[in-house]
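Some notes on the structure that comes next.
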Amino acid sequence: MKVDALTCLALVTFVAVVTDGRSSRRRHKEVFLGENSRFKFGGRIDYKLKRQDSTKTLLIKSEQLLRIEEHDFAIRPGFGAAAIPVGIDVQVESIDSISEVNMDFTMTLYLRHYWKDERLSFPSHSNKSRTFDSRLVKKIWVPDVFFVHSKRSFIHDTTTENIMLRVYPDGNILYSVRATVTALCSMDFSSFPLDTQNCSLELESYAYNENDLMLYWKNGNDSLRTDEIVLSQFFIEHFHASSGLAFYSSTGWYNRLFINFILRRHIFFFMLQTYFPTMLMVVLSWVSFWIDRRAVPARVSLGMTTVLTMSTIITGVSSSMPQVSYVKAVDIYLWTSFLFVFLSVIEYAAVNYCTTLEEMRKMKGGKIPSAFNASQAMAFDGCFHDDDIDLTTFHGMAPTLTSNPLNTPSQNSDLRPAEGTRLRRQRSVRENVDLLVSNSYMIDSYSRLAFPLAYLLFNTIYWSLYS
C-alpha cells in the first residue's frame, strides 16, 4: 500500500511540473511578442489585432446576397417575355497591325455590356454597386456576344483576367472585358498604293436571335470611342458605329453591330521604295540615245541592266501583295515603265539593223571599198554622220554621183519643175522607211524627244486618275 501511494504521489508531482512549464513558456512567448510588437509598431498593434477583417463583418456572402443559388442562370433574364435589351459601348485602345497579304487587321479594345437582370438585385441602404472579377462571371448569365469574321481573339489575362462585373442594387449590370481581335477586312487593291480601305469589326449574339436578345449601341454614335491611334502606313480618316440585321436560314434574324473605320494609305513610303526608283530606271534607259549607235557593248549592257532592274522592282512589289486576279494601280505604273525601258532596247536594235543595211547598200553601190574598216568611219550623233565623212580619202573609192539635189541654189534652178506640176509630193510608207534606213541616226534623234514626252504624258494621266 505504501508503494502504491508513493507511486501515485510521484506521478501527480510530475504532471504538475510539466503543466507549469508549458504555461510558463506560453507566458514568455506572449511577453516576447508583445514587446516586439510595441517596439516595431509603437504599441498600437494590440488594437489592430483585436479588429476583425472587414470581409468577415458581412452577415452573408456575395453569392448569398445575390441569391445565385436560387435561380437558374443558364436561362436569360425575362425568359418567355420580350427580348432582353443589351447595350454595347466600345473603346478602341489600338489597331496593332494591318496585313494586306492576309487581308486582316488586329485591334485591341474594351468591350462593355449593359443589361438588367432583376434576379441579381439586392437590398442596399447606400445604393452602392458591387464590383466583382471573373470568378462570379462564370456563375451568372452574361450575353454571348462574339466577333463575326474573326480569325483569332482572346481576353487578356495579365496579371489577372481583364474582366470586370459591376452589379447595382436594382439589378442593372455592367460587364466589361479587354480583348484583342484579328478580323477579316475585305480590301480592294485596284488603286493600290493610292487606295482607301473600309474595314469593320462586327459584333453579334451567337445563340440568341432578335426574339430573345436585342443588341444596340448604348449611346448611339457616342458609344464608340478611340484613343489617339497612329499607324505606320495608314491614316485613320473616320470611326463610326452602325447597326443592322443578319439572317441565317436555320436560326433566323440576329442583331449585328458594326465598328466601321476608313483607312487612307500614306503614299510617301511607296514613292521612295517604288515610284522614284522606277522613274530613274526609265530615265537611265534614255541615256543610250546619246551613245554612239556603233558602240554595241555600251548600249546593250545599259539596256539589259535597266530591264533587269525593273524586273527586280516588279518582283519585290508583287511578293508583298496578295495574289489578286485584277490589275492594281502600281502594276499599271510598273509595267508601263517596264515597257518604256524595253522599247529603248528595241529602239537600239532597230538603229543597229538600219545602220547595217545602210552600210551594205553603200558597199554594193561602190561607195565603200570591201577593205574598208567601219571603225574608221564611226559616226557620233550630234557631231557628224556618214554623209559628212570625206570618202575620197579612201583608196579605190568611186566618186559619188548621188549628191542631194537640194544642196545648192544653182541645182535648184536647173531642176525647177514645169508649170502646172506640184512642187512636193507625199512620200509613201516605203519611201519613209527607206529614208530612215538610209539615215538611221534620225531614229535616235527622234527618240530623244518622243520617249520623254510620252512618259511625261503617261505620268500626267496616271497621277490625275489615281491621286
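Indices start at 1 and increase along the chain as displayed.
From the backbone N, Cα and C atoms, a Cβ is placed for every residue, glycine too.
Per TrEMBL, the features are:
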DOMAIN    68-266  domain 'Neurotransmitter-gated ion-channel ligand-binding'
DOMAIN    274-363  domain 'Neurotransmitter-gated ion-channel transmembrane'
SIGNAL    1-20  signal peptide
TRANSMEM  267-290  transmembrane segment
TRANSMEM  302-320  transmembrane segment
TRANSMEM  332-354  transmembrane segment
TRANSMEM  449-466  transmembrane segment
Per-state residue totals over the domain 'Neurotransmitter-gated ion-channel transmembrane' (274-363) - DSSP helix, strand, coil: 76 helix, 0 strand, 14 coil
Distal contacts, the transmembrane segment (302-320) - CB-CB under 8 A, six or more residues away: 100-101, 274, 277-278, 281-282, 284-285, 287-288, 291, 330, 334-335, 337-338, 341-342, 344-345, 348
The domain 'Neurotransmitter-gated ion-channel ligand-binding' (68-266) [mean pLDDT, rounded to integer]: 92
